[in-house]
Amino acid sequence: MPTPYLSGSAVALVTPFKSDSSIDFEAIARLTEFHVAAGTNIIIPCGTTGESPTLAEEEQVAIIKTVVEAAQGKLMVAAGAGTNNTHHAVELAKNAEKAGAAAILSVAPYYNKPSQEGFYQHYRHIAEAVAVPIIIYNVPGRTGCNVAASTILRLARDFDNVLAVKEASENFTQISELLEERPSNFAVLTGEDSLILPFMAMGGNGVISVAANEIPAQIRQLVESAGSGDLVTARTLYSRYRKLLKLNFIESNPVPVKYALARMGMIEENYRLPLVPLSAESKRAMDEELTLLGLV
């Protein structure tokens, strides 16, 4: 099977804030350059890890433009552009496309719990509104509902620009169905860093990663080694960074990873409510691991 267009190691980029809660655009540009140097394949601003629920539309557009400019065409920019209101999701997708995003990541409608036909119609409207590739984001743990494999596959077959899914269901039956039945140009990406090794061994195409914020080169190497069958290298990398992957979710994402990046001197440690800083206990655990790994 040929390698799908949207493959490899993608970073779910954090959004750095200043102490007054304004966006730190200089830090965003530096982070983007960091990922270019590390060989990250795809950078995704304005997703869950980017605290998208707290970003105004004009802020999202400005962030995307900043990332596109800093990337200089050296890696793909696939912007988060989803919500549970279909009309608004279409507008966000159009905004991202106009801002220069080469693809969009659109989360499944949450809270209102649509039927599978509702999911299909939601993504149909988005696919018909933009020309850029669309990544469906299926994350039942956050949305409270699952986009079935049959619905994802139906969308992939019906629309030329529905080219990937970020599958964060941890449902290996669903993952297997997607991998076995997908069109040849459709990428199946895991949204769980802890599943990279088994996911790639099953034939997955990559990851949209939180840990790639901290260790982008290592996540890319893990994806590449696992995908090529070099399981010795893949297992060695996974074993070394397994605890960090877990600690990134010791409290709600992206609080732990932003704390880690601040400790690494890459951003200021600021959040927008309702997110708040890590507890002292979680900070101690993260500090210990960052020191052990030589990241601070």
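Keep in mind that glycine also has a Cβ here, set from the backbone N, Cα and C atoms.
Sequence annotations record features per position, and here Swiss-Prot assigns active site, proton donor/acceptor to TYR137 based on sequence analysis. Per Swiss-Prot, active site, schiff-base intermediate with substrate is recorded for LYS166, and the stated evidence type is sequence analysis. According to Swiss-Prot, the pyruvate binding site annotation covers THR49, ILE208. According to Swiss-Prot, the site 'Part of a proton relay during catalysis' annotation covers THR48, TYR111, on the basis of sequence analysis.
Sequence-distant contacts of ILE208 (pyruvate binding site), defined by Cβ-Cβ distance under 8 angstroms and a gap of at least six in the same chain, are ALA10, VAL11, ALA12, ILE42, ILE44, GLY47, LEU105, ILE135, LYS166, LEU189, THR190, GLY191.
Under DSSP, ILE208 (pyruvate binding site) is assigned to a strand (E or B) in the three-state scheme. On a Cα basis, THR48 (site 'Part of a proton relay during catalysis') lies 10 Å away from the residue listed as 'active site, proton donor/acceptor'. Figure note: comparing Cβ neighbours within 10 Å for the recorded positions TYR111, TYR137, the maximum is reached by TYR137. Under 8 Å, Cβ to Cβ, and six or more positions away along its own chain, THR49 (pyruvate binding site) finds ALA12, LEU13, VAL14, VAL210, ASN213, ASN253, PRO254, VAL257.
Here the CA atom of THR48 (site 'Part of a proton relay during catalysis') lies 15 Å from the CA atom of TYR111 (site 'Part of a proton relay during catalysis').
The C-beta environment of THR48 (site 'Part of a proton relay during catalysis'), restricted to residues of the same chain at least 6 apart in sequence and closer than 8 Å, consists of ALA12, GLY80, VAL107, VAL139, ARG142, ASN253, PRO254.
In this structure, LYS166 (active site, schiff-base intermediate with substrate) is part of a beta strand by DSSP. Every protein chain shown contributes to the tally, and the Cβ of LYS166 (active site, schiff-base intermediate with substrate) ends up with 28 other Cβ atoms within 10 Å. DSSP gives THR49 (pyruvate binding site) a coil state; it is part of no helix or strand.
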